C-alpha cells in the first residue's frame, strides 16, 4: 500500500516536472532563441525599411540578414512571446540623407512602443501617418533636419510618455491635439523654430520635464500652470517671452529647476506665491529686463542651490535675503546696478562655492573680517566694480580659492605677498587696476596656476622666474606695465603655454639665443609688440611652433563673437563644456584679451583655441623675415610692422592658407610682392605701406578690395589703378621730372623721334626679306 502510494506520488511529480518544462521561459532568462521568433510580416517590413533607410551593415553589431531571426538584428527588440517588433533604435546609424514618407514600411510596425531615429540625417516633414504607431510610448526624432509643422496626428498617440524633437528645424505652433497626451512625462522641443501653442501644455498634468528652449516663443503660458503638479524641470531659455515672471510656476511644489534666461521678461519680480513645500534647487532668470530691488521674498526658496539673476536691471543695495538661502552653492548677480558694500555673507561660513558680483557698482569690500575655516568659496568674481584701496590681506584666508577676479576696479598698492603662498590658485585676474610694485614670486609652493592676467597696471621690475614652476600655465598677460626685462626664454619649456602677451612694456634685447631652445610647442598667441626687442631672426626661428601649424578640428568661427555654451552642473557649481576656448573652469570666467585685429582694437571676451596670432610690431627687429613663417599654416593674424626688416617678402607666406590679416608696413622691405599671396582666399586686411617695394601689385579679389593707404610709401609699386581709382605710371627719376605743361609740349616731339628711329631699320629689313623671297620663290613652287 505504502509502495503503491509512493509510485503514485512519483508519477504525479514527474507529470508536474514535464508540464513546467513545456512552459515558455520568461524573457528574464535571455538566451539566444533556438528557433525563429520574428514574425514574417515584421521581418519583411524591416527589410523593406532597410531599402528606404540606408543602414550600412558594417556599423551594425548584428547586421540585418534575411537568414537570421530579425529579433536578433541590431537595434531591433521583439516581444518575447508574440514575436512582434516593439522597439526600433537606429540612432546614429544612417549615413545618407533620407526622409520618412507616409507610405514608409516603418508604419507597418504597428506594435512599436519605442522608436528612436535620433541623429539619423532625416530630412523633410514628419508624416501624419505616424499615427499608425498607436502603441508608441517613446518617440525620439531628435538631432535631424526635419522641417515643417508637427502633424496634429501625433496627438492621437495617447500612450506617449516621451517625445524628443530637439535639434531640428520644426516650426509653427505646438498642435492643440497635444492636449490629449495626458500620459506625457517628457517633452523636449529644444532648438527648433516653434512660435506658439504652448498654452495647450497646461493640460499635460503628467509632465515632469518640459524643454522649450532655443525657439521663438513669445507669449508664456497665459493659463495657470499650477495644475502641472508633477512638473520637475522647465527650460524656456533663449526665446522671446515677454511680460511678467510667470508666478504660477512657484505654486508647483514638485518643481526642481526653472531656466528662463535670455528672454524679454520685464517688470519687478515677487516670490510671494512660492509654495511652502517648494523643492526648487535651481532658478535662472538671467539676461532679461527685470527691474527694482531683488525681492526679500526670495528667502522663501530655502532649497535653492543655484541662483542666477545676472544681466538684468536690479538696483539698490545688495540683497540680504540671499543670506537665508543656506543651501546656496552658486550665486550670480553680475551685470546689474547693485551698489554699496559687497554682501557680507559671502565672507562667512556657508555652502557657497562660486560667487559672481562683477559688473555692478559695489565700492566697498566691507570692514576687515576674519574669514573662518568653514568658508568653502572656490570662485570669486568682483571684476568691473568701483572697489578701491589696497587688496586686503585677509583675501588670502580663503584656503580653497581656485579662481579670483578683481579686474577693472580701482585697487592700489602692491599685490599681497600672501597670495604667493596660496597653493590652490588656478586663475588670478588683476587686470586694469592701479596696482604697482613688483610681481610676487608666484608658483613657489604650487604649480597649479593656469592663468595670470596683470595687464594695465603699473608693475615694475622683472618677470618673476618662479612662473617657470607653473606646469599648467596656459595664459600669461602682462600688457601695459613698466616691466623691464629680457625675453623670457625660460617660459619656452612650458608645454601648456598657449597665450603670451608682453605688449607695451620695457622688454629689451634679442628674442633669439643660439644656445637656448626656443620651445613654445603649444603657443597659439604671442604679442610682444611695442617693446624694445632687437636683432635678427634665423630662418628656422618659427620651426618649433607646431601648434600654429595644427588644425583645430572645428568649423571656422567668428572669434570675437560671444557664443553660448552648454553648462554642466557638478553639485552647486556649474562648469562650462567649452573646451574650444582658453580658460574653461567656471561659467563666470574665460580668459580674455584685447588685440589690434584687422586694424581695429578688438576685445576678445573669449579666446578660441584655434585662434593663432603673431604680433612682433613696434620693435627694432632687423634682417630678413624668416622663411619658416610659412610653416605656420594655421596662422590667422601676422603683424611685423614698425620694425627694420629688410630683403624680400618671403613667398612662403602663401602657404599660410587661413591668413586673414597681414601687416608688414613701416619696414625696409624691397623687391616685389609675391603674386602667390593673391591666392590667400581669407586674406581681408593687408598693409605693405612705407617700405621699398616695387613692381606690379598682384591682381586678385583680396588685393583689389584694399584701401589705397595699404600701399603708400612704396614709389616703385604700380598697377594700383583699380585700388586707388587713379592713374599710376612707371615712376621717372626726380631729375628728369618736369611740370605738367612741359610734358604735354614734349610728348608729340618724342613720338616723331621714335617714329624716325624705327623707320630706317624697317626699310632695310623690308629690302632684305624681299630679295630672299624673289630669289627662292621658284624652289618653293617646286616643293609644292
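Yeah, the Cβs are placed from backbone N, Cα and C, and that goes for glycine too.
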**Asked** Looking at 732-752, 753-773, which one is transmembrane segment according to Swiss-Prot?
**Response** 753-773
**Complete:** the repeat 'LRR 8' (278-301) resolves under DSSP into 5 helix, 7 strand, 12 coil
**Prompt:** Out of 203, 421, 544, 639, 668, the glycosylation sites in the record, which is closest to residue 679 (N-linked glycosylation site) when you go by Cα distance?
**Reply:** 639
**Asked** How many Å separate the Cα atoms of residue 421 (N-linked glycosylation site) and residue 655 (N-linked glycosylation site)?
**Response** 47
**Prompt:** Got a sec? Which of these glycosylation sites, 203, 273, 327, 544, 687, has the most Cβ atoms within 10 Å?
**Reply:** 687
**Prompt:** Which ones, of the glycosylation sites 132, 327, 707, have a Cα no more than 10 Å from the Cα of residue 687 (N-linked glycosylation site)?
**Reply:** 707
**Prompt:** Distance between residue 203 (N-linked glycosylation site) and residue 273 (N-linked glycosylation site) at the Cα atoms, whole Å?
**Reply:** 21
**Request:** Sort out the residues at least 6 away from either end of the repeat 'LRR 17' (497-518), same chain, that have Cβ-Cβ distances under 8 Å to it, and list them.
**Result:** 455, 473-489, 491, 524-538, 541, 544, 547, 582, 591, 593, 607, 609, 615, 621
**DSSP-derived structure type at residue 687 (N-linked glycosylation site), helix or strand or else coil** = strand
**Fill in**
Nearest to residue 668 (N-linked glycosylation site) by C-alpha distance, among the glycosylation sites 327, 544, 639, 655, 707, is 639
**Message:** So if I measure Cβ to Cβ from residue 639 (N-linked glycosylation site) and keep only same-chain residues at least 6 apart in sequence, which ones fall under 8 Å?
**Reply:** 529, 596, 614, 615, 616, 617, 661, 663
